[in-house]
Structure formats: structure tokens, C-alpha cells
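Pulled from Swiss-Prot:
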type     : residues                               : note
REGION   : 1-21                                   : region 'Disordered'
MOD_RES  : S2                                     : N-acetylserine
MOD_RES  : S4                                     : phosphoserine
MOTIF    : 32-60                                  : motif 'Q motif'
DOMAIN   : 63-234                                 : domain 'Helicase ATP-binding'
BINDING  : A76, Q77, S78, G79, T80, G81, K82, T83 : ATP binding site
MOD_RES  : K118                                   : N6-acetyllysine
CROSSLNK : K146                                   : SUMO2 cross-link
MOD_RES  : T158                                   : phosphothreonine
MOD_RES  : K174                                   : N6-acetyllysine
MOTIF    : 182-185                                : motif 'DEAD box'
MOD_RES  : K193                                   : N6-acetyllysine
CROSSLNK : K225                                   : SUMO2 cross-link
MOD_RES  : K238                                   : N6-acetyllysine
CROSSLNK : K238                                   : SUMO2 cross-link
DOMAIN   : 245-406                                : domain 'Helicase C-terminal'
CROSSLNK : K309                                   : SUMO2 cross-link
CROSSLNK : K369                                   : SUMO2 cross-link
CROSSLNK : K381                                   : SUMO2 cross-link
Amino acid sequence: MSASQDSRSRDNGPDGMEPEGVIESNWNEIVDSLDDMNLSESLLRGIYAYGFEKPSAIQQRAILSCIKGYDVIAQAQSGTGKTATFAISILQQIELDLKATQALVLAPTRELAQQIQKVVMALGDYMGASCHACIGGTNVRAEVQKLQMEAPHIIVGTPGRVFDMLNRRYLSPKYIKMFVLDEADEMLSRGFKDQIYDIFQKLNSNTQVVLLSATMPSDVLEVTKKFMRDPIRILVKKEELTLEGIRQFYINVEREEWKLDTLCDLYETLTITQAVIFINTRRKVDWLTEKMHARDFTVSAMHGDMDQKERDVIMREFRSGSSRVLITTDLLARGIDVQQVSLVINYDLPTNRENYIHRIGRGGRFGRKGVAINMVTEEDKRTLRDIETFYNTSIEEMPLNVADLI
């Protein structure tokens, strides 16, 4: 939290960085069994009830360092158990008898904040810990009443609403001892940097800071220097991660206007449990949804122009399985944790290659198998090669028997 390290040489990029925006680990302690983490019995019960048996790579490295109170920067891709890593660390450190907010988690989207809240509540099921989602798009008055009635032990929220509640003193920073930034690359990108900084100014100077992210652009690390003290750096390497178990293919569609027919053909060929189709713009989401409906295909759509209630209903239907295909933008690429998603279709390749992992990391989470299909026009070929190089992966042309793989 001191900025005294700014005098370091910048020749090799930020301190603690390897080239290519990857952090260099400085922590090698691994605990590969949940029983050896000295967790409370009621928390362990919740963890096992949630279905965890063995900690993932990031959990083996990061849970203990978080519980010990260190500032931690952890880099690992989607689907590797980052959420449970900090949820377990928070729940272990909460004093249940103290009816005050003791941990604050920030996430870039409302959906991700709600997803984190669900995980915290499930893992803390036998403890009686309270967790509240403090997000935009919901009724402010109702939120104020809730916070005034009894402060929740844990708050998970989006930066705008959290800052508003802190600023108006409905949320007290007095007992907050742990501050978590999830998907920090997204949060610290232009949109939220100032808000996070404002929130940080309101916290105690000895608050523990934990930052989790799939990608680590150098500007994120520069920002971490401003408010983290000698952080533990934990890297779970790209090649150890979630692209494993996900078969990736591309379909050549020479021209943009042929994508719709190709998608409809695919739809008829495959038996889809659940699929997500990613598109780059909100307007195009509406356009494709309309076209699919006109051809009698059942799909639902979601993007940032919709109000929160509508988005909640659509997510609920998709999670419960009553809606099977969801068309969406990158808004959802971070934070949709639907266990049954077996297929991701990139109708448009992401404009930002970092988002590729967030999109296809939806299928095959925690070792489940998944398939990702990329629709590629002539203009997209260079982007596809760029993605292959960046992730050190190979994306093959889609085979005719693709139905057998899903």
C-alpha cells in the first residue's frame, strides 16, 4: 500500500514480471489436501458438500497464503477455482460473532458478483456467515435498509454501487480486513481504475489485498504497486490450464453473411445440452436472436442494455436448463458458471484475445470436457492464428463427426 517501490528500474517492465504479461511466482508452498489447510470444521463440511474433493492448482497454492494474511496476486485462467480460493480464505478468517462487514469483494459485472455470492453462501452454508451482493441495477432504498438492519459479514459487489454505499456511510469500512479484486485485469482497465482507487482510500491502511486475474497486462501490475505490500505472486501457467479438456475447432465461412446459415446447420446437427453463443455487439445479439426465432430455433439473449431484472430471469432460466442456448456479448464471458455448458460458439472472434479464454473457459470447467467452435471469415484468419500463438494451442478445422464430441 506504500508507493515507495516506484523508483525501481523499468528496463524489464514492472518488477515481478516476465515478458508477455505473465507474473513470476515467488511462492512455492503447495498444500494438496483440504484436510491439511487447518480449516474450521463447519467450513470443511460446506466445501465437501459443494462437491470439492481435491484443491485445484490455484487453491493448493493460494488459500494458505491468503489465510496467513499476505497480500496476494494470483494469476490463473477461468474455470480453475479462483472464486473458491478467495471464498474459502475469507470464510476461514471471518469472526462470526462480530456483526460487521469484514471482507469486501469487487467484481467487474453484476452477474459475476452474484455468482461469487452464491459460491460464498454455499461454501459457508454450515457456518452461518452472511454475504450480500451490492450491485447496480437494483433498488437503492431496499439495499440501504438491508445494510442498516444488520451489516453482512461479507459484501460482494460492483465498484459503482459499493463506492456509493461507502460514500454515504451505509457500508462501514471499520472492520474490513480483506479486500479482494476478482478479474482484476477487467476491473483495472480504464473503466474501474478510478472507482477502485476511491474505494481503496476509504479502507484501513492495514487491509489485506488479494488480486486475482487470468491475464496480467503490465498496467495491472503497475497499479498493484500502489496498494499492495510485498505481495506473494502465484502463477498457474497457461499451459497447465483450462484449454486442456476443451476441444477447439474453427469453421471456414468465407463471408460474414454466411454465418447465420452455418449456425442453423450446426444447430440441426448437434444435440446440445447447453450452449453459449458469443457475439461482439449488443445490436448484433438482438439481430441474431430475431433471425433464429424467425427460423423457429429456441434461443435466449442477454446483454448490457437489458435491465437487471430481465437479465436475472434469463440467467435463472439458463442455469435451470429451461433455456438451452444463450446468445450474449463479452459482458457474460466473465462470470457465467453454468455446469452443463458443453459447447461455446464464437459467432464472432473476440476483438480482444484475452477474452478468448474467458469465453471458452465456460465449457469443460473443473475438468469437464467441452467443445469450442469458432466461425472464421477470411478477415478473421489472422486473429485466429494470433489466438493460437498467444495461448500456445492449436485450433483445428471442425471434423464432420463433431456431434460425437459433444
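From the backbone N, Cα and C atoms, a Cβ is placed for every residue, glycine too.
Between the candidate recorded positions, K193, K225, K381, the densest Cβ environment within 10 Å is the one around K225. When the Cα of A76 (ATP binding site) is compared against those of the recorded positions K146, T158, K174, K309, K381, the shortest separation belongs to T158. Cα-Cα distance from T158 (phosphothreonine) to K82 (ATP binding site): 18 Å (rounded to the nearest whole number). Shown for the motif 'Q motif' (32-60): DSSP residue counts in helix, strand and coil, namely 18 helix, 0 strand, 11 coil.
Helix, strand and coil counts under DSSP for the motif 'DEAD box' (182-185) come to 2 helix, 0 strand, 2 coil. The closest partner of K225 (SUMO2 cross-link) among the recorded positions, by CA position, is K193; the full candidate set was T83, K118, K193. Nearest Cα neighbour of K118 (N6-acetyllysine) among the listed binding-site residues (T80, G81, K82, T83): T83. DSSP assigns G81 (ATP binding site) to coil in the three-state reduction, outside any helix or strand. Within the same chain, residues at least 6 positions away in sequence whose Cβ sits under 8 Å from that of K174 (N6-acetyllysine) are A100, N204.
If you take every residue in the domain 'Helicase C-terminal' (245-406) and average the pLDDT, you get 83. Put simply, K146 is the one of the recorded positions T83, K146, K193, K381 whose Cα lies nearest to the Cα of K309 (SUMO2 cross-link).
Nearest neighbour of K146 (SUMO2 cross-link) by Cα distance, taken over the recorded positions T80, G81, K82, T83, K193: T83.
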